[in-house]
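Visitor: To start, I am sharing the structure in question, which I have written as structure tokens.
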Amino acid sequence: MADQLTEEQIAEFKEAFSLFDKDGDGTITTKELGTVMRSLGQNPTEAELQDMINEVDADGDGTIDFPEFLTMMARKMKDTDSEEEIREAFRVFDKDGNGFISAAELRHVMTNLGEKLTDEEVDEMIREADIDGDGQVNYEEFVTMMTSK
């Protein structure tokens, strides 16, 4: 399944993996997974975190290594995000609930994830998703961005 990913996708997932892998040991533990989920405004229980890891933990060592992470991401991309998941993600970014994601809101969420972006990088991300050119991302643009592979 992971063999259907492009090199670009694999590079992106490598970056995402290192956001999760806080101590840089090459594996994601339930503790690290919990930290990232909470920074995204989620509040999973220990049991839910364990379930998430068990779903993809092919070698049964209780952690997720990069190949397992790739499998998980490939699987997630295949059953493309449900409407509800996309709406939920949009709400995480749209801090003030005005129906738009501004550069400041995007920067805030990315910083919470431990991803320090330059203003240029944030502006570039907004530009890529901002179809109508108003300088922010509305829900339709967000859906388009999330569902275009």
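Just so it is clear, glycine is given a Cβ too, placed from its N, Cα and C backbone atoms.
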Visitor: Which single residue out of GLU88, GLU105 does Swiss-Prot record at the Ca(2+) 3 site shared with ASP94, ASP96, ASN98?
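Guide: Candidate in the recorded Ca(2+) 3 site: GLU105.
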Visitor: Which value does the mean pLDDT take for the domain 'EF-hand 1' (8-43) in this predicted structure?
Guide: 87
Visitor: Can you name the far-off residues of the same chain, 6+ from the ends of the domain 'EF-hand 3' (81-116), with a Cβ under 8 Å from a Cβ of it?
Guide: 19, 22, 36, 39-41, 122-123, 125-126, 135-139, 142-143, 146-147
